[in-house]
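Copied over from TrEMBL, here are the features:
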REGION    1-34  region 'Disordered'
COMPBIAS  22-34  compositional bias 'Basic and acidic residues'
TRANSMEM  75-95  transmembrane segment
TRANSMEM  239-258  transmembrane segment
TRANSMEM  278-299  transmembrane segment
TRANSMEM  306-326  transmembrane segment
TRANSMEM  338-355  transmembrane segment
TRANSMEM  364-385  transmembrane segment
TRANSMEM  397-423  transmembrane segment
REGION    449-498  region 'Disordered'
COMPBIAS  449-462  compositional bias 'Low complexity'
COMPBIAS  469-483  compositional bias 'Basic and acidic residues'
Amino acid sequence: MAAKSDGAPVSLRNAIPPECPSRSDPRPPQRRPDDQRYTLSDCCWTLCALLVFFADGASDLWLAADYYLRKYYPQFVLTLVFVIVPSVVVQVLSFRWFAYDFSETVESGTAAAAVVAASERDISTKDSGERGAGRSAAAGVLPGPGTGGGARGCCRVFVWLFQALIHIFQLAQVWRYVHALYLGVQSRWHGDPERRHYYWRMMFESADISMLRLLESFLKSAPQLVLQLTIMIRANQVLPLQGLSASASLISLAWMISSYQKVLRDSRDDKLPMTYNAVIVQILWHLFTIGARTLAFALFASVFQLYFGIFIVAHWCIMTFWIIQGETDFCMSKWEEIIYNMMVGIVYIFCWFSVREGRTCCRMLIYSLTVFVENVALTTFWYLYRSTGERQSTLDFYAVMMVCVVASSYALGTFFMFVYYCLLHPDGAVSGWSYIVEKEVPVEALASPASSLPPDLVSSPPRTLQRTKGSDREPGIDGDVFKVRPPRGAQTPVPHLTPRTEGPVIRIDLPRKKYPAWDAHFIDRRLRKTILVLESAAPVTPRIQYRCLSTPKEVMEYETTV
């Protein structure tokens, strides 16, 4: 989800030639952009996601109405609060995104073509020290909204009213799912370059849906699941609607975690996509682990309400501090990064969520052991002190059965986690667990014609790099977006991999982030509009060039063309 700033001198839209040398560790072949097609399976996945969304929301509302009719007013209020408040938060965020995207939409293809011509087929961002990846590019590329005629003005008013009604009725996610489905079908029906343009828009929409639904799931479905399980345990009975609501919330949580990871990998050209078999196994993994986690929470909360609140707050603070200590680099500002870390801390209350590149195995092992100890402690405290409950009528057999359910569910979830990483991980068996140490590459190796620096065998340079002026550039480098100056006295190598130079270039003066973080153009909406402008106006796909990175021994100087 978020990763330490790191990257590769490789364009997003360019496939790495097969002759490019790789590390000693085996890596899976990278897919070509031409292989990115919207399939029937993708369409069915979107329809199933819609079904899960409706099932989760409708079951919660139905249960709240049932509580009201039964005159269980405290349960009714709590259930309704956990439905309305998260939904309103998500709708506000979604409408803010729509307002920004639609208010400055490019009005005509002629204007877009003029932008491409004026920018001389090369667009650069500001210096990285300002941490505004893509801001100057979009500011210099996108024209303001056109005046338009009366018909166009009426259409814009209609769109604003339509979107306002959609968000007022809490249906923003439904509309975005339908829109993504439409864009995917359009990309399937059209040929290049229209197919690429629709595919870009579909991936942007899918990224928005995934972030919105993930936020809603852990603000609504997770606390709703704990609440309903606690009510059932305290009442020592299970109403059909309670079971339906709890099941829908659990499925929604597992579904959205897996869907988020799938969209994350599908959006990257340098990552192999996650197969649907892997997605199903990952859903089962999260289904059982989150089920065991929430059941342990509910058992403990049914006896120790105050201590449960203290435990949740303490766990959230510890997890948030752990994430901040990892120095994630997901957002464009410091305060947004802190808010993001706090939200991920909520996710960490219930399940594992990778937020940075590195020793995934060690971090996951630490988290899994911590959760296992917490689950055992919470369940043990409930088993020993259940007689102090307000409505104690629990039989010993029932108590033992609940303990066995928690243990077996967590064991099943761990089993499916091993199945995913050992058999179905997109990068190959067990590769998702491994941490490949980035070796230092001698500076002399960069000057050797027989060798080439692997794309990700690099480390991040300082945030601020001095740019060379146009008069200081060496002749003959107009075709390069970024050029690394070789060490003094070294022979200038003859590159055997010539980058594609035709078409517009969007240069982002930040290192490209690695999985599991989205690139800057998926986060910064101004960059999105830049890409769509160039995509609709240029005959070829625009290249997205992130800053090349230096070796650990020396900070190289980057020369750019304007």
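Heads up, the Cβ atoms here are built off N, Cα and C, so glycines get one too.
Predicted automatically and left uncurated, TrEMBL annotations should be read as such.
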By a Cβ-Cβ criterion of under 8 Å, what residues six or more beyond either terminus of the transmembrane segment (75-95) are in contact with it? 57, 60-61, 63-64, 67-68, 163-164, 167-168, 170, 172-173, 176, 208, 212, 215-216, 219-220, 223-224, 227-228, 231, 245
Which listed range (239-258, 278-299, 338-355, 364-385, 397-423) shows the maximal number of Cβ pairs under 8 Å with respect to the transmembrane segment (306-326)? 338-355
Which sequence-distant residues neighbour the transmembrane segment (397-423)? Criterion: at least 6 residues beyond either end, Cβ under 8 Å. 233, 278, 281-282, 284-293, 295-296, 299, 368, 372, 375, 379, 383, 386, 429-430, 432-433
